[in-house]
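Undergrad: First the structure, then my questions, so here it is.
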Amino acid sequence: MKLRVPLPLLLVCVAAAARGDYCEVNKCHNGGTCVTGVGDDPFLCICADGFTGDTCDATENGPCSPNPCRNDGACEVVTHTRRGDVFSEYVCKCQPGFEGPHCQINVNDCMGQPCKNGGVCRDLDGDYACQCQSPYVGKQCQLRCISLLGMEGGAIDESQISASSVHFGILGLQRWGPELARLNNQGIVNAWSSAPHDKNPWIEIDLQKKMRLSGIITQGASRMGTAEFVKAFKVASSFDGKSYTVFRGEGQKKDKVFVGNVDNDGTKTNLFDPPIVAQFLRIVPVICRKACTLRMELMGCELNVYSNTAGCTETLGMKSRLISDEKVSASSAHRTWGIDTFTWLPHYARLDRQGKTNAWSAASNNQSEWLQVDLDTPKRITGIITQGAKDFGVVQFVSAFKVAYSDDGQAWKVVQDVTTNTDKIFQGNIDNNTHKKNMFDPPVLRPPGALPAVGVERAHHRAHGAARLQRVNTPLHRRRDLLHTPRLDGPAFISSC
C-alpha cells in the first residue's frame, strides 16, 4: 500500500532540515554562538562582548558610534551595563546654543538680550551677532569707539594733513594751510581755508594705518572779522589714497550730506553710522559761508586688522589719573636748584599737566635713567603719546627713546624693530608742548606686573596715550643745551584692552 503525505507537511519538513544545517556551515566568528533562526533569518549569531555584525566579525564601538548627537554634540557612554547586545545608556554633551537629548534644539541666544547700548541681536547657530549703533563696537556693543584721534592734541602730524588748495590773505602774507585745521586752534590765522578759485575743495587726513572712524567734530573760523564756515559737507574715504568711496548711510543709495556749522566758533558733531574703516579720510565741502574755512577733530579707534574688529584707542589713565601716583616710578628725580619744592617727581609725568613742575625729569643726563608704570592687570598696549615741558623757561623734551616691558618687573624685553630685528628707537618730541604719538606694531601684550614707561637722560616728560609705555630706556638724543622732560599718557599710554 502506498503512503500518501500531504504536500504542505512535506515542504515544512524539508525547510526545517535545511535550517538545521546552517549553524554547521556558517560559523559565527570571535566566539559568537550560532542559533537556528526564526522567520526569514536562517540563523543568528549571539556575539561575545566587543563584537557585532551578522557573523560577529565587526568590532563593537558602543552606542556612540555612529554619533547620535547633532550639531557637533559629544556623545558619552554613561554606563557599560549591557542588556543582550545593547548598551543601556549614553548622553549628549551639547555645544553652546544647543540643547535636547540629541542637541537637536537650537537655543535662541538673543533671549538674554546680550547686546548693549541699543545694539540689535541676530541669532546664529550656537552663537549670536550684535549690530551696534555708532559709536559702539565689540561683541556685545560694550566698547565706545569715540577717542579723539589727534587733530586738536597734535598726535596727527602736520605732514599727515593735505588739501586741494590754500588761501593766501593780505597780499599773500597769511597762509591758511591744512595743517591749521585743528579744533579750537587759536591765533589770527587759525584754520584751513580753500583758495577762492577752487571749485571742488577738500581737505584730507592720512591716519597712516587702517582705523575705525566713528565721527567728526567741525568748527569754522573768523577772518578779518568775518565769520567763515562749512555749512554742509560730504565724507570720502580710501585705503590707498587713490581710490575713494563717498560715505552713504546704511541702506542708502545717495551720498550722505552732513550738516555742518552755523557760526564761526561753535562746534558740530556728526557720527558715521555705520563707522568708516579707512586710512585716508577726505572732507568735501558742499556749501560754505563766505569761504570754505574749517577746523576739525576726528573720532574713532584702532582697528584690529587681523580680525577686522575694533582695537584699542582708549587712553590708559596717566592724564585722567586713573593710573594712581604710586604706580609711577623712576630711576631718579631732578630737583631744580636743589630745592625739594621744585622736584620733578615720576607721577608728574602726566600729559598736559599744568604748573611750574609739570613733568618728570631725571636727576642726571645718562642712558641709565628710566620712567616706569605698573599697570596691575594684563593690557594690550598699542602706542604712546609723549610731551616735553619747561623748567622755568627752559624748553626740555625727549627726542628719542626706547620702550621695554616686563611680566614681573625684573626681566625686561625691549620693543623690537620688525624690519631690522634690533631695539626699536622711537622718535620723540621736537618742542616742549606738542604731543608726539608713536604706535606699537604689533601691539605689546603685557601681563600684570611693572611696566616702565619712558626712560630718559635728564628728561622732563609728560605722556598720555592709547597704549602702554613699557619701560622706556633713556632717550638716545637730546639738545645739548636742554634737559629732556617727559610727560605721558596714552602713548605713554595710548590704548589697551
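Every residue gets a Cβ built from N, Cα and C, even glycine.
Straight out of TrEMBL:
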type   : residues : note
DOMAIN : 45-56    : domain 'EGF-like'
DOMAIN : 92-103   : domain 'EGF-like'
DOMAIN : 130-141  : domain 'EGF-like'
DOMAIN : 191-220  : domain 'F5/8 type C'
DOMAIN : 285-301  : domain 'F5/8 type C'
DOMAIN : 359-388  : domain 'F5/8 type C'
SIGNAL : 1-20     : signal peptide
Undergrad: Are the domain 'EGF-like' (45-56) and the domain 'EGF-like' (130-141) close enough that 3 or more Cβ pairs fall under 8 Å, when only pairs 6 or more apart in sequence count?
TA: no
Undergrad: Taking helix as H, G and I and strand as E and B in DSSP, count the residues of the domain 'F5/8 type C' (191-220) in helix, strand and coil.
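TA: With helix first, then strand, then coil, the domain 'F5/8 type C' (191-220) has 0 helix, 19 strand, 11 coil.
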Undergrad: Is it possible to list how many residues within the domain 'EGF-like' (130-141) are helical, extended or coil according to DSSP?
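TA: In the domain 'EGF-like' (130-141), the DSSP-based counts are 0 helix, 4 strand, 8 coil.
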